[in-house]
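This report refers to the structure that appears directly beneath it.
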Amino acid sequence: MRSEKVCWRDLWIVPLYFVLSFLLPFIFAIIYTLTHPVDINHIEQEIPESLFIYSSLISLALVLLTYYLMHIKGFFTRSINGIKSVKHFVLLIIIGYLGIMAYNMFSGWFMELMPEHLQVKDSLNQQLIEQSFEERSLWPALFVDIVLLAPIIEELIFRHVLIGELGKKLNFKVMSVVSVIGFTALHVIGGTSPLEFIFYIGMAAIIVYVYNKSGRNLAISIALHMLNNFISYIIIIFEQLLS
């Protein structure tokens, strides 16, 4: 039975996620520059992509470990029950994924209707992800990062904390909107065009809908998010193999 009380300690994973996401790459970059000959004028080109991938992996793993330690009693039981519940929502997950695919087609079509100087083929976030696949030795790490850890942590933050917990206090519908905005904003930080939000806002809204429709079952939104990222991962792999 779901508690009506807000689990305030879960909110700590939000600042922890953002601090680690920005701090670890910075620390790793400093260590690299101190241990390798680097041209300070071209430092961004000098630091290897693998450094940022592994720093991302470590930061996500640390957030998940923190959440586990906060819920160590019964963590695995709840996780297993969540995984078992996925079979009851397979149709909802499939419909959600088809909705994301349809929205992606719509966003591409919509972007083509915009004036040429406003058109964006892909978000900066997507371009950076695809660029990281050029180094094939990173594919296993990228799988763990993109397909496994990122969906879990992002769903913990944007669905569980914002909607599942804060929604008890601030209204579930209001926090659903906040979740959509927050998730979209995370993926367009540093973007080159204000229109990049179009690529993510539909996906965010669909995942929120599926989460709420499943009775705010975190395992279901994680499953949908993982499915979406897994298929994207496979597509990029094939594109790299065929290029």
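Cβ atoms here come from the backbone N, Cα and C positions, even for glycine.
Residues or ranges marked as domain 'CAAX prenyl protease 2/Lysostaphin resistance protein A-like' by TrEMBL: 140-231.
What TrEMBL records for 12-31 (among others) is transmembrane segment.
The transmembrane segment annotation in TrEMBL covers 51-69 (among others).
Per TrEMBL, transmembrane segment is recorded for 89-111 (among others).
As annotated by TrEMBL, transmembrane segment applies to 138-158 (among others).
Annotated transmembrane segment per TrEMBL: 170-189 (among others), in sequence order.
Taken from TrEMBL, the feature transmembrane segment applies to 195-211 (among others). Remote same-chain residues near the transmembrane segment (195-211) are listed as 92-93, 96, 99-100, 103-104, 106-107, 110-111, 114, 118, 120, 122-126, 155, 158-159, 163, 176, 179-181, 183-185, 187-188, 217-218, 220-221, 224-225, 228 (criterion: CB distance under 8 Å, separation of at least six residues from the stretch ends).
Sequence-distant contacts of the transmembrane segment (218-238) (same chain, six or more residues past either end, CB-CB distance under 8 Å): 79, 82-83, 85-86, 89, 92-93, 96-97, 100, 129-130, 133, 139, 142-143, 146-148, 150-152, 154-156, 159-160, 164, 203, 206-208, 210-211. TrEMBL lists 218-238 (among others) with the feature transmembrane segment.
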Within the domain 'CAAX prenyl protease 2/Lysostaphin resistance protein A-like' (140-231), count helix residues (DSSP H, G, I), strand residues (E, B) and coil residues, in that order.
81 helix, 0 strand, 11 coil
What stretch, picked from 12-31, 51-69, 89-111, 138-158, has the most CB pairs under 8 A with the transmembrane segment (170-189)?
138-158
Quick test of the contact rule: Cβ under 8 Å, at least six residues beyond the ends. What residues does that give for the transmembrane segment (138-158)?
10, 13-14, 17, 49-50, 53-54, 56-57, 60-61, 63-64, 67, 129, 132, 179, 182-183, 186, 204, 207, 211, 218, 221-222, 225-226, 229-230, 232-233, 237
With Cβ-Cβ distances below 8 Å as the criterion, list the same-chain residues six or more beyond the ends of the transmembrane segment (12-31) that contact it, or say none.
43, 47, 51-52, 54-56, 58-59, 62-63, 66-67, 70, 153, 156-157, 161
